[in-house]
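Visitor: Quick paste from TrEMBL:
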type	residues	note
TRANSMEM	57-78	transmembrane segment
DOMAIN	62-157	domain 'Nucleoside transporter/FeoB GTPase Gate'
TRANSMEM	132-154	transmembrane segment
TRANSMEM	160-181	transmembrane segment
DOMAIN	164-214	domain 'Ferrous iron transport protein B C-terminal'
TRANSMEM	218-236	transmembrane segment
DOMAIN	221-325	domain 'Nucleoside transporter/FeoB GTPase Gate'
TRANSMEM	248-269	transmembrane segment
TRANSMEM	300-319	transmembrane segment
TRANSMEM	328-350	transmembrane segment
Amino acid sequence: MVLVAVMFAVFGLIFVLGGRLSSTLDALFSSLQKVFMALPIVPWLRDFLWGGILQGILAGVSVALPYIVPFYIILSFLENSGYLARMAFLTDAIMHRMGLHGKAFIPIILGFGCNVPAVLGTRIMERDRDRFIAGVLATLVPCSARTVVILGLVGAFMGFWPALSLYIISLIIVFIVGRVLNRFIPGTNPGLIMEMPKLKWPPLRITLKQTWFRLKDFVIFAFPIIAAGSIVLYVVDKLGWLIPLTTWAAPFTQGVLGLPPVALVVLIFGVLRKELALIMLATLMHTSQFGTVMTPQQMYVFALIVMLYVPCVSTIAALKREFGNRRAALVSAGEIVLALTLGAMVNWGWNLVSLLR
């Protein structure tokens, strides 16, 4: 119960702090847009600077950072307090149901921060079978980038409980996939032997320093990709290629998944960085107020697919490094099928419930 309470408190704190900070920044940047568009700049250059570069970067600041900063602070606090080891002990019985032991819970928890160190962290497992199962499960955990999509879209415009339901779905899927892999990959359940560190209140300086390093890595790695992605989308749109592409994909994106036609484009960009899917969606929709351009059903299905489909390129590289090309490709393809299948099922189920009302 303590573990559940801790996880619930972490989620609630990120939801509240991130939501308020995101709303404040969004209002600030809306005012900034009016000022920028009034500047005496050549119209085509002004349009390119705002629509091609600044809009994507500012969307990243207002949508991504408000949720990532408090998450990194809380994750650093839990790591340095010694509570992660206790989480491994408390979840040992559950992990045994998936053919693993409690130590596998540590890389899975790290996956909430980033799937890359989570996959690399499976090295603490003694057997290749256990490492592979733990690695697959770690990629299904909503990382901080996926958290941006869940909270920045579903949490901000649908509320706390719908966003929490996505995390619950994620944990259920992790458990089911673990059970399936345990059944089809032969092996026995190992025992758990590990040292328990003392619980302590981590020094604020260490927590903030760790948070700063993680945040700096995110900004240095993510924002150049965000800027490049914004420019590519701007050029594709101006060349008139975007409409034919979205029209071609519409039978699937709209007919099967119930999403806006541009969803295919942003999902492709999301393979680079998961939060990029939401940021590019804001760029193409010309607003970060998604509630005005998407229905609750579309927001929920979109967040569900982003949460589950193919890992980002960095995670795919980590899977390739740890488990080889073949298994990395199998995991990636399997998660695409899983995400699109569940997305279609939720869309159809939502439509059915709406018809029965």
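In case you wondered, yes, glycine gets a Cβ from its N, Cα and C as well.
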Visitor: Kindly say whether the transmembrane segment (160-181) and the transmembrane segment (300-319) touch, using the definition of 3 or more Cβ pairs under 8 Å where each pair is 6 or more positions apart.
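Guide: By the criterion, they touch.
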Visitor: Quick check on the domain 'Ferrous iron transport protein B C-terminal' (164-214): DSSP residue counts for helix, strand, coil, in that order please.
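Guide: For the domain 'Ferrous iron transport protein B C-terminal' (164-214), the helix, strand and coil counts are 32 helix, 0 strand, 19 coil.
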Visitor: Apart from its near flanks, which chain residues at least 6 from the ends of the transmembrane segment (300-319) lie with a Cβ under 8 angstroms of it?
Guide: 115-116, 119-120, 135, 139-140, 142, 145-146, 149-150, 153-154, 158, 162, 166, 169-170, 173, 257-259, 263, 267, 270-274, 277-278, 281, 294, 327-328, 331-333, 335-336, 338-340, 342-343, 346-347, 350
Visitor: From the DSSP assignment alone, can you count helix, strand and coil residues within the domain 'Nucleoside transporter/FeoB GTPase Gate' (62-157)?
Guide: 78 helix, 0 strand, 18 coil
Visitor: Which whole number is the mean pLDDT over the domain 'Ferrous iron transport protein B C-terminal' (164-214)?
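Guide: So the average pLDDT across the domain 'Ferrous iron transport protein B C-terminal' (164-214) works out to 82.
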